[in-house]
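Here is the structure we will look at.
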Amino acid sequence: TMAAMAAALRGPGRRFRWRTQALAGGVRGAARGVAGQQDYDLLVIGGGSGGLACAKEAAQLGRKVAVVDYVEPSPQGTKWGLGGTCVNVGCIPKKLMHQAALLGGMIQDAHHYGWEVAQPIRHDWRKMAEAVQNHVKSLNWGHRVQLQDRKVKYFNIKASFINKHTVCGIAKSGKETLLSADHIVIATGGRPRYPTHIEGALEYGITSDDIFWLKESPGKTLVVGASYVALECAGFLTGIGLDTTVMMRSIPLRGFDQQMSSLVMEHMESHGTQFLRGCIPTCIKKLPDGQLQVTWEDRTSGKKDTGIFDTVLWAIGRIPETRNLNLKEVGVNINPENQKIIVDAQDITSVPHIYAIGDVAEGRPELTPTAIMAGKLLAQRLFGQSSDLMDYNNVPTTVFTPLEYGCVGLSEEEAVAHHGQEHIEVYHAYYKPLEFTVAERDASQCYIKMVCLREPPQLVLGLHFLGPNAGEVTQGFALGIKCGASYAQVMRTVGIHPTCSEEVVKLRISKRSGLDPTVTGCG
């Protein structure tokens with residue numbers, strides 16, 4: 001139990017059952033474990049998606065495993081439990097709040113379908129936030145239980161290396177614990193970036209680390225950034241009825257297909273999200289009434305402007321959690337540009353028995369499912385006689401903006417860059433989901449495109465789907481694309497009628513033909 005563990009830890013320098021040393025001080029002198037037996041077969045630093053998956057898989061393979069996890073409170077003081085970004089301040093609360101916003105839209109549709117709904121409809125942030133937070137807390141508990149069930153030792157301590165096989169962890173109380181292992185996996189992920197050069201940014205701004213844990217409604221919100229995090233947050237804030245503005249320096253959804261990104265933005269704009277394009281904030285001041293006065297500059301004209309908001313949300317990228325690990329001391333190389341850990345295809349760092357997986361590793365997609373799979377595969381290579389490597393090609397993903405954008409494979413820009421315009425065929429369609437018809441919803445941004453090689457059988461290089469339930473649609477087609485599907489095979493696939501997914505297997509019109517890609521009727 002935790003109480004017994006704490007009692008045992010009070011005796012400085014004492015060894016206990018799991019052969020950990022707890023020291024009140026002078027840890028460096030006690031740094032053992034370079035030669036000789038280690039405490040654990042595997043030590044995982046970071047209890048997020050990748051780290052937990054790796055630890056649980058290794059334990060299943062009969063190894064002695066420990067996980068250390070520690071959440072540094074955000075500058076605004078927000079903290080959370082075991083499970084990492086996705087569970088606590090990422091995918092899970094984000095999707096639930098996205099769902100809350102979608103329900104608002106469905107209530108608007110309902111009267112077209114014969115439901116008498118009392119107007120006006122109001123949204124209660126407190127109620128939603130409490131429900132979302134309770135679900136997240138249940139997931140934290142679930143992770144604790146899973147680790148216990150698999151006999152994985154969990155330490156809520158902040159770890160840093162003291163030698164190549166040993167880390168020192170500091171608990172909230174200041175108590176220090178030494179842990180050594182044959183293999184060490186770094187899976188510390190990242191945290192949102194603050195523009196500390198902007199006056200008032202740190203004091204008055206919040207990030208995605210805070211938004212899901214707010215007790216009260218954020219009110220009129222300025223979202224700074226054009227990442228998927230920025231657009232998803234702005235989308236659900238608008239959807240639950242809040243006045244929301246997105247300030248973007250340059251292009252939306254960098255790294256994604258730009259035609260699709262423009263349509264995502266167009267849809268958001270036509271549904272009430274305001275956009276300040278080509279602008280950068282220069283200063284935030286708190287007014288006597290508690291509101292925030294934001295000054296920004298238009299990058300083209302150089303003109304300055306100001307606005308008043310209740311909340312400013314920074315969504316301008318993430319920084320890997322590598323700074324406090326003492327990596328230099330043990331020779332783990334990082335990319336000085338972005339602070340990410342340099343790894344090879346086997347997730348090995350510059351130190352042979354130290355590995356890095358997930359967002360903290362250089363050149364990996366910042367996605368939960370890739371971190372989970374990479375973690376499992378790494379454990380299998382280390383302890384299960386496997387040689388399988390993680391394949392980062394054709395990884396599907398979805399941006400949960402009000403109109404969802406799912407994609408797998410190459411963007412049109414990437415396909416053209418790799419193969420040349422003349423070797424690419426793009427099939428596309430604007431379609432109208434059946435659900436939108438009776439509700440008289442605007443479907444002008446519902447769009448699909450499939451990027452293929454031009455030479456028969458026309459291998460599918462990328463699929464891009466903008467519309468309701470994009471994640472569900474894209475997941476299904478991702479298997480086909482992973483298996484090397486050709487356009488010819490997609491065309492021989494029978495659609496399920498009436499669905500949005502079937503529009504993918506009915507893509508007949510190429511961009512090259514110049515024909516109108518708007519779908520009409522059931523044909």
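In case you wondered, yes, glycine gets a Cβ from its N, Cα and C as well.
According to TrEMBL, the feature active site, proton acceptor maps to His497. Feature annotation from TrEMBL assigns FAD binding site to Lys95, Asp359. If you look up TrEMBL, you'll see Gly225, Ala226, Ser227, Tyr228, Val229, Ala230, Leu231, Glu232, Gly317 marked as NAD(+) binding site. Taken from TrEMBL, the feature disulfide bond applies to Cys86-Cys91. The domain 'FAD/NAD(P)-binding' feature in TrEMBL is assigned to 40-375. Taken from TrEMBL, the feature domain 'Pyridine nucleotide-disulphide oxidoreductase dimerisation' applies to 395-506.
The number of other CB atoms found within 10 A of the CB of Gly225 (NAD(+) binding site), across every protein chain shown, is 25.
Counting other Cβ atoms within 10 Å of each Cβ, the lowest count among the recorded positions Cys91, Ser227, Leu231, Gly317, His497 belongs to His497. Here NAD(+) is bound by Gly225, Ala226, Ser227, Tyr228, Val229, Ala230, Leu231, Glu232, Gly317 per the record. The longest Cα to Cα distance in that group is 14 Å. On its own chain, Cys86 (disulfide bond) has Gly48, Ser49, Ile92, Thr368 as residues at least 6 apart in sequence with a Cβ closer than 8 Å to its own Cβ. Around Lys95 (FAD binding site), the same-chain residues six or more apart in sequence whose CB sits under 8 Å from its CB are Phe400, listed in sequence order. Of the recorded residues, Gly317 (NAD(+) binding site) and Cys91 (disulfide bond) place their C-alpha atoms 15 Å from one another. Checking each of the recorded positions Cys91, Asp359, His497 against Val229 (NAD(+) binding site) by C-alpha distance, the shortest gap belongs to Cys91.
Applying DSSP to the domain 'Pyridine nucleotide-disulphide oxidoreductase dimerisation' (395-506) sorts its residues as follows: 40 helix, 31 strand, 41 coil. Of all Cβ atoms in the shown protein chains, 28 besides its own fall within 10 Å of the Cβ of Asp359 (FAD binding site).
Using CA atoms as reference points, the recorded positions Cys91, Asp359, His497 were checked against Leu231 (NAD(+) binding site), and the closest is Cys91. Within 10 Å of the C-beta atom of Val229 (NAD(+) binding site) sit 23 other C-beta atoms, taking all shown protein chains into account.
Asp359 (FAD binding site) sits 19 Å from Gly225 (NAD(+) binding site), taking the CA atoms of both as reference points. With respect to Cys91 (disulfide bond), the closest of these recorded positions in Cα terms is Ser227, chosen from Gly225, Ser227, His497. Other residues of the chain with a Cβ within 8 Å of the Cβ centroid of Gly225, Ala226, Ser227, Tyr228, Val229, Ala230, Leu231, Glu232, Gly317, the NAD(+) site, are Val223, Cys233, Leu253, Ala315, Ile316.
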